[in-house]
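Enquirer: So Swiss-Prot lists the following for this protein:
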ACT_SITE  Pro2  active site, schiff-base intermediate with DNA
ACT_SITE  Glu3  active site, proton donor
ACT_SITE  Lys57  active site, proton donor
ACT_SITE  Arg259  active site, proton donor
BINDING   His90, Arg109, Lys150  DNA binding site
ZN_FING   235-269  zinc finger
Amino acid sequence: MPELPEVEAIRRGIEPHLVGATILHAVVRNGRLRWPVSEEIYRLSDQPVLSVQRRAKYLLLELPEGWIIIHLGMSGSLRILPEELPPEKHDHVDLVMSNGKVLRYTDPRRFGAWLWTKELEGHNVLAHLGPEPLSDDFNGEYLHQKCAKKKTAIKPWLMDNKLVVGVGNIYASESLFAAGIHPDRLASSLSLAECELLARVIKAVLLRSIEQGGTTLKDFLQSDGKPGYFAQELQVYGRKGEPCRVCGTPIVATKHAQRATFYCRQCQK
């Protein structure tokens with residue numbers, strides 16, 4: 001599933017092609033996604049794109065009459081293509097632009113979403129989200145406060161969108177390794193100093209991945225069709241049995257809440 005860096009990489013890739021251009025119309029070939037494509041999207045006509053934003057893993061296209069909310073689901077991608085390029089099997093939604101280009105949504109598993117809202121504030125998919133990890137609101141003091149009474153392992157707690165958004169499975173594993181914190185540690189056992197370090201490395205890991213265009217393990221592609229290159233820099237994720245790049249100890253894989261967790265028994269305590 002695309003996580004925050006992948007979604008942010010796509011946002012940065014599509015923004016220059018959309019802002020200042022006008023959506024002439026939408027083409028919905030298959031509206032049966034995780035939730036049905038909103039009826040308002042079918043009727044889009046002559047709508048200039050004012051901004052392309054991101055909240056958590058949602059892309060937000062600002063139009064004069066409202067907002068398009070896009071979620072990529074498990075296997076979705078967005079690409080900027082020439083309008084004349086014919087669609088393929090899993091190309092479900094196009095936004096045809098005034099500049100001769102098309103924003104094309106591809107999703108083999110159809111678990112993404114295209115929603116419409118007049119106002120973002122209070123929308124049910126956005127209403128209960130925690131702070132952005134790259135914002136000043138997410139810091140060691142905040143993390144320590146939220147962990148203080150939490151009797152659960154730190155790894156799944158980091159992946160809870162009510163604590164902080166966008167730190168999915170890959171980046172939770174990578175950040176805990178960078179901070180030297182074992183994923184099974186109770187959240188409440190973390191000191192303020194550990195929380196300050198963890199908050200810093202989460203930001204650093206996410207920013208580095210964004211610079212590399214995200215992580216491609218299977219389906220993810222950037223808006224130009226290229227893979228994300230952060231996969232080349234993964235320290236623990238997906239490396240079960242391989243030697244730790246720091247100490248040489250074999251990387252261990254376990255599961256938390258049915259999600260794979262990777263760590264080094266020597267480097268993480």
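Even glycines carry a Cβ here, placed using N, Cα and C.
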Enquirer: Give the maximum pairwise CA distance in Å, whole number, for the residues His90, Arg109, Lys150 listed as binding DNA.
Expert: 42
Enquirer: Roughly how many angstrom lie between the C-alpha atoms of Lys150 (DNA binding site) and Pro2 (active site, schiff-base intermediate with DNA)?
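Expert: That comes out at 27 Å between the alpha carbons.
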Enquirer: Can you tell me the mean pLDDT for the zinc finger (235-269)?
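Expert: Mean pLDDT across the zinc finger (235-269) comes out at 95.
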Enquirer: Can you give me the Cα-Cα distance between Glu3 (active site, proton donor) and Lys57 (active site, proton donor) in Å, rounded to a whole number?
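Expert: Here the two Cα atoms are 6 Å apart.
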Enquirer: Rounded to the nearest Å, what's the C-alpha distance separating Lys57 (active site, proton donor) and His90 (DNA binding site)? Just drop the number here, would you?
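Expert: So the Cα of His90 (DNA binding site) lies 21 Å away from that of Lys57 (active site, proton donor).
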Enquirer: Do me a favour and check the Cα-Cα span between Arg259 (active site, proton donor) and Arg109 (DNA binding site); whole Å is fine.
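Expert: Taking the Cα atoms only, Arg259 (active site, proton donor) lies 19 Å from Arg109 (DNA binding site).
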Enquirer: Who sits close to Arg109 (DNA binding site): which same-chain residues at least 6 apart have their Cβ under 8 Å from its Cβ?
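Expert: Listed in sequence order, they are Gly73, Met74, Ser75.
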Enquirer: About how far apart, in whole Å, are the alpha carbons (Cα) of His90 (DNA binding site) and the residue listed as 'active site, schiff-base intermediate with DNA'?
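Expert: Cα-Cα, rounded: 17 Å.
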Enquirer: For Lys57 (active site, proton donor), what is the tally of other C-beta atoms lying within 10 angstroms of its C-beta?
Expert: 22
